[in-house]
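Over in TrEMBL, the protein carries these features:
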- 1-32: signal peptide (SIGNAL)
- 85-289: domain 'Peptidase M12A' (DOMAIN)
- 189, 193, 199: Zn(2+) binding site (BINDING)
- 190: active site (ACT_SITE)
Ligand SMILES: [Zn+2]
């Protein structure tokens, strides 16, 4: 029977081993330094890999808000569900009781006044307008430049892509960081929050339609997957809503965090436009009828 005898390590071999050890220590130190001093901010353990994102609007928002934006917007305001601004101490209005809606004009339209930060270039403002037009198409919402209105949206290139939920009364900021948030779909998504909508997978009945893969979610972001007492406005669960998280949202290991229960092949979320049901949602929330003639 053949046996392998343990060979004593010769001095030359030993030197090579020591050299290899030193090299690998140096390499890991360089890696650690890159990680610690990286200009990107991001969760430890969260893998920022291209292949784990499937290109939804929410993936773009997560990429910007988690890796580049500040954690706290100011001393009292933080982000819920990744991109909804919440001010501590201020009771957030119950949007689904229709108490945070923008007011409706007698002509049947919902006019929402907006103002651009002077920091945006002309090209950037025309891109933001495209996002707003995406909301207007097929809905009763119309965005109008601010003149004197008491309630209006102040669009600012602050840190990250975010909005408050619904109308807060008075001036309210909606942040579209430049250039990361200046994509039609991302802009439309943030305006949907300003109209009063939370994310689609936060619906109270979502567990009938999707499975949340809790073990795959980055620990510090579990709260982004909470359910809320929402009013579904009599509309079906919308896998392709612009407000739906992608399948890999907040994945810590590249594995899916949301799996549709449907047997059909379904893609979650949207890349650049409201779904048909998103438009119906707006018209129902604002009691506008469902004509496509708007
Ligand atoms: Zn959002």
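For all residues, glycine too, the Cβ spot is worked out from N, Cα and C.
Location within the structure of each feature annotated in TrEMBL.
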| residue | record | contacts (Cβ under 8 Å, 6+ apart) |
| --- | --- | --- |
| 189 | Zn(2+) binding site | 57, 58, 61, 83, 161, 242, 243 |
| 190 | active site | 83, 161, 162, 163, 174, 175, 176, 181 |
| 193 | Zn(2+) binding site | 83, 84, 162, 163, 164, 165 |
| 199 | Zn(2+) binding site | 58, 81, 243, 244, 245 |
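According to its DSSP assignment, residue 193 (Zn(2+) binding site) is helical. Listed in sequence order, the residues 58, 81, 83, 84, 163, 190, 192, 197, 198, 242, 243 complete the 8 Å Cβ shell around the Zn(2+) site centroid, once 189, 193, 199 themselves are left out.
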